[in-house]
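Trainee: Pasting a structure here, questions to come.
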Amino acid sequence: METHTAPQTAEARLLEATHTLLQTVRQRDLEAIDRKEAEALAARLREVLNQHAYRYYVLDNPLIPDADYDLLMQALRKLEARFPELVTPDSPTQRVGGPPLGRFEKVRHPEPLLSLNNAFGEEDVRVWYERCCRMLAERLGQPVQPAVTAELKIDGLAMALTYENGVLSVGATRGDGIEGENVTQNVRTIPAIPLRIPVDPAVGPPPTRLEVRGEVYMRKRDFERLNEQLQARGERPFANPRNAAAGSVRQLNPQVTALRPLSFFAYGIGPVEGAEVPDSQYEVLQWLGRLGFPVNEHARRFEHLDDVLEYCRYWTEHRDELDYEIDGVVLKIDHRPWQALLGAISNAPRWAVAYKFPAREAITRLLDIMVSVGRTGVVKPVAVLEPVEVGGVTVSQATLHNEDYVRSRDIRIGDLVVVIRAGDVIPQVVRPVVEARTGNERPWRMPERCPSCGSQLVRLPGEADYYCVASDCPAQFVRLLEHFAGRDAMDIEGMGSQVARQLAESGLVRPLSDLYRLKLEDLLKLEGFAETRARNLLRAIEASKQRPLSRLLFGLGIRHVGKTTAELLVQRFASIDELAAATIDELAALEGVGPITAESIANWFRVEDNRRLIEELKELGVNTQRLPEEAPAAESPVRGKTFVLTGALPHLTRKEAEELIKRAGGRVASSVSRNTDYVVVGENPGSKYDRARQLGIPMLDEDGLLRLLGMK
């Protein structure tokens with residue numbers, strides 16, 4: 001039967017060309033290609049980058065992640081640096097973005113709104129700073145070490161606000177940096193943007209003319225609520241908060257914009273008349289704050305480059321604590337007269353640079369979908385991907401959650417897909433790039449049988465997951481053994497997933513208690529095990545016998561019993577025998593357990609094989625009693641209280657602080673709510689601090705926490 005492939009759309013052709021170029025620039029040494037090949041590659045890069053710039057800056061509908069765009073732009077810059085004659089007037093390296101649409105009135109910026117050059121690592125920041133130092137030394141006639149202001153790079157829509165005699169007169173998008181779009185009526189609907197600069201006697205009258213530059217953005221919680229509302233009305237949700245902010249500002253109907261929960265941060269100024277402006281960028285931010293503009297509280301001024309780099313490292317690790325998206329840190333030479341001395345190149349200032357975080361999102365090809373069997377028998381689809389770098393690591397597999405997830409997003413084998421990796425979260429496929437489809441993609445369905453043991457898969461009522469319910473499924477036991485030995489359970493050093501698989505598949509370990517029967521000669525039979533490695537593993541296994549009871553409970557893999565639940569159980573039951581004898585009602589009555597978990601625990605202990613396992617572990621010397629440090633705390637101000645931690649504490653790590661709170665009978669939560677009793681605040685706190693202030697929740701520093709714990 002003859003098949004017909006649907007013609008590709010313009011978006012599909014652009015994505016296909018982009019994907020090919022990304023593979024080329026990742027695989028080829030651009031320093032080694034000859035001029036002819038460089039000319040052809042540069043032409044393709046210009047064409048593709050200009051199309052993406054138009055979609056990003058004008059349509060506010062990007063097709064690819066920023067990291068992919070940046071990689072292609074870097075490649076073009078390298079080629080143009082090697083062969084300067086390849087630079088053309090229409091090269092995206094010579095301009096900020098695309099031309100504005102005709103739907104809004106055009107506004108010419110009094111001073112260009114330039115973009116920023118990117119720094120993709122600490123070395124790039126050092127190179128930028130040293131270049132600034134050299135240029136300033138040449139122009140000042142003496143060496144200088146300029147201070148740097150560091151600001152979070154808010155992921156939103158750039159905006160220029162013009163005030164005349166203190167009254168908002170124009171709000172304009174960046175557009176191409178020279179001309180933007182007049183979105184004044186929409187900007188007036190954003191509560192955070194002053195319509196009139198308030199007169200403050202301490203500050204003096206407002207400037208006769210002032211251009212404030214900043215970013216319109218949407219908070220994560222507001223974005224989630226907006227998408228819920230859109231989906232409830234049957235409308236298409238936004239892909240991310242940046243798109244939501246940009247799409248809301250550029251609505252033709254200001255009444256629609258007024259209903260969108262938009263926010264604003266001011267980060268700089270353009271032309272100013274009728275006022276004295278501080279010479280320091282950091283002090284400009286404070287001045288804008290006094291004028292009534294919202295300014296991000298995390299901006300800092302540093303005298304030393306090492307402190308700047310530490311700030312970048314901190315926010316790379318802690319950005320998820322914020323209630324808004326950031327995609328980097330903007331670094332600026334603080335002294336504004338020196339900014340003027342440094343000047344700008346065609347599309348970016350020399351005195352500023354954007355330190356970009358490792359990409360958390362990328363587009364790659366979905367090669368296949370396989371299924372993985374977990375320790376509880378849950379069977380989940382796993383995406384097999386064309387390898388791509390996301391979040392600083394190469395990703396070749398990602399989670400697809402369950403069959404409903406795949407079907408609801410119409411993810412097909414052969415699709416180009418968007419992959420994200422946020423923080424320590426497992427990489428996941430979030431959506432297909434439908435515009436890139438050729439017609440050759442294949443839908444996927446969950447197999448009927450377990451890939452490990454061949455048993456019929458079962459979907460339980462009310463659940464999205466399928467399960468293998470065979471008690472002798474080999475794949476389940478491998479995962480259970482790996483979990484049992486894991487860092488948060490029995491913490492057996494040297495026993496990762498590969499060793500767990502070897503021990504299970506060789507028949508040396510099954511059930512878990514066999515782990516404590518292993519002998520040196522058993523391990524020496526395994527591939528990769530010499531005597532030293534074998535003895536080290538045996539020592540680690542022996543040491544694990546004395547782990548706290550809560551770790552053993554977690555390691556047993558009882559469904560719904562995580563680390564926190566295991567700790568709660570040990571507070572109530574002094575031994576595993578006491579826990580095994582507890583009724584469902586007794587278990588469900590425990591705060592933080594509930595009826596579903598209670599039934600799961602009771603059912604686990606009813607299984608004869610599980611009861612036999614516990615007896616064997618006891619006979620082999622594994623601790624099954626509550627240790628003194630796990631005992632319930634005596635009455636104290638902390639017992640029963642809920643704590644939330646935010647920011648870096650001066651002496652305690654976050655894990656140490658959490659352990660101290662738990663030992664004293666307190667609980668640690670991940671987010672602030674009206675049920676929170678205390679918020680422990682360290683350096684550079686995140687949005688949890690703001691939320692605590694709004695709710696009037698008591699806040700403690702490290703010393704205050706230690707005093708409450710009776711340790712000071």
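From the backbone N, Cα and C atoms, a Cβ is placed for every residue, glycine too.
Predicted, not measured: the structure shown is a model, and the values here were computed from it.
These came from Swiss-Prot, pasted as-is:
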ACT_SITE  K153  active site, N6-AMP-lysine intermediate
BINDING   D66, A67, D68, Y69, D70, S115, L116, E151, R174, E215, K332, K356  NAD(+) binding site
BINDING   C450, C453, C468, C473  Zn(2+) binding site
DOMAIN    633-712  domain 'BRCT'
Trainee: Report, as a single number, how many Cβ atoms besides its own are within 10 Å of the Cβ of K153 (active site, N6-AMP-lysine intermediate).
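Mentor: That number is 22.
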Trainee: Taking only the Cα atoms, work out how far D66 (NAD(+) binding site) lies from C450 (Zn(2+) binding site), in Å, as a whole number.
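Mentor: C450 (Zn(2+) binding site) has its Cα 40 Å from the Cα of D66 (NAD(+) binding site).
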Trainee: Looking at Cβ-Cβ distances, which residues of the chain lie under 8 angstroms from L116 (NAD(+) binding site) while being 6 or more apart from it?
Mentor: V330, A348, P349, A352, V353, A354
Trainee: Summarise the domain 'BRCT' (633-712) as counts of helix, strand and coil residues per DSSP.
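Mentor: Output for the domain 'BRCT' (633-712) reads 26 helix, 16 strand, 38 coil.
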Trainee: According to DSSP, collapsed to three classes, what secondary structure does D70 (NAD(+) binding site) have?
Mentor: helix
Trainee: Among the recorded positions listed here (K153, C450, C453, C468, C473), which has the Cα closest to the Cα of D70 (NAD(+) binding site)?
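Mentor: Result: the closest of the recorded positions to D70 (NAD(+) binding site) is K153.
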Trainee: Check the Cα-Cα distances from K332 (NAD(+) binding site) to the recorded positions K153, C450, C453, C468 and tell me which is shortest.
Mentor: K153
Trainee: Averaging the per-residue pLDDT over the domain 'BRCT' (633-712), what integer do you get?
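Mentor: Over the domain 'BRCT' (633-712), the predicted model scores a mean pLDDT of 82.
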Trainee: Do me a favour and check the Cα-Cα span between C473 (Zn(2+) binding site) and D68 (NAD(+) binding site); whole Å is fine.
Mentor: 42
